[in-house]
DNA sequence: TGCTAAATGAAATATTGTTGCATTTGTGAT
DNA sequence: ATCACAAATGCAACAATATTTCATTTAGCA
């Protein structure tokens with residue numbers, strides 16, 4: 001599930017996308033790759049107090065542009081970011097997977113290994129990508145007793 | 001596609017949900033029913049300058065609670081609202097339909113008449129509802145020449 | 001080592017979401 | 001018809017987020 005990576009691999013990722021290797025970027029990468037759920041900007045801010053909010057904002061944007069991460073929205077409409085599976089390219093995400101919004105803990109899970117059946121759209125609509133959200137209770141919350 | 005309704009029907013809708021018949025609410029209803037695409041709060045503000053922003057915010061919220069409209073997010077993560085199909089009840093939306101985000105005009109279309117195939121989630125995840133987004137070009141934009 | 005473009009941090013502004021409160025208004029009971 | 005009251009509105013204020021500008025710093029390369 002989580003793709004374990006070390007600092008050298010993160011440096012390679014940045015180099016591959018012609019991005020400079022900076023401390024904030026490496027820290028964002030290592031945090032995002034260590035999590036099984038998507039990360040919101042507030043999440044990052046809470047962990048990395050010393051990095052400017054705007055810097056985080058820009059890092060997330062450029063990572064998304066480059067296809068390193070992709071954006072999903074939780075139930076409140078706030079942006080969350082998750083590392084892309086291998087199929088992503090610059091400006092063209094292969095995020096045809098399921099996003100699971102847990103209504104209890106509000107975490108967003110990316111569920112990559114799920115077959116998304118083909119769909120036929122009405123006449124005239126040309127779909128380039130699909131995003132599927134499921135809302136419910138995640139395994140962790142299911143185990144925990146209700147507050 | 002668009003369900004044509006008149007003022008009397010809007011008044012009935014409000015009464016059915018124990019909501020008072022007020023001018024702002026009737027205007028919001030008539031605007032939303034006249035459109036084939038979802039409406040954002042800024043959209044409403046731009047058309048109805050004289051109605052307070054907070055009032056619109058609250059009208060949208062209570063309409064959503066009552067199951068009159070449902071919320072969808074566009075590609076920027078801003079909330080859009082669309083009238084619910086007949087199957088919606090209070091606090092439990094039947095919005096298992098497709099939302100089409102046009103990447104060009106940014107409009108959100110609700111495509112009700114589309115069969116959403118059943119999906120099997122990984123062990124432990126309990127889904128209560130699904131929301132499917134498709135991103136691409138809508139028929140209108142397809143016809144228009146690129147700026 | 002030094003140059004240059006890229007990246008950061010800080011300040012400032014725009015937009016959106018949200019709450020509290022005083023005032024107005026719709027509606028059911030009289 | 002009107003009265004009373006709860007509901008709805010409008011306004012002010014605030015919080016959070018998104019976004020731009022610009023001066024300063026820094027990474028990567030010649």
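Every residue gets a Cβ built from N, Cα and C, even glycine.
Annotation comment: TrEMBL describes B:93, B:95 as Fe cation binding site.
In the three-state DSSP scheme, residue B:141 (Zn(2+) binding site) falls into the helix class. Taken from TrEMBL, the feature Zn(2+) binding site applies to B:102, B:105, B:138, B:141.
Less than 8 angstroms from the CB of residue B:102 (Zn(2+) binding site) sit B:108, B:109, B:136, B:137, B:138, B:140, B:141, each of them six or more residues away in the same chain.
Every protein chain shown contributes to the tally, and the Cβ of residue B:141 (Zn(2+) binding site) ends up with 18 other Cβ atoms within 10 Å. Around residue B:105 (Zn(2+) binding site), the same-chain residues at least 6 positions away in sequence with a Cβ under 8 Å from its Cβ are B:138, B:140, B:141. A distance below 8 A between C-beta atoms marks B:138 as the binding-site residues from B:105, B:138, B:141 lying next to chain A. The number of other Cβ atoms within 10 Å of the Cβ belonging to residue B:138 (Zn(2+) binding site), over all protein chains shown, comes to 22.
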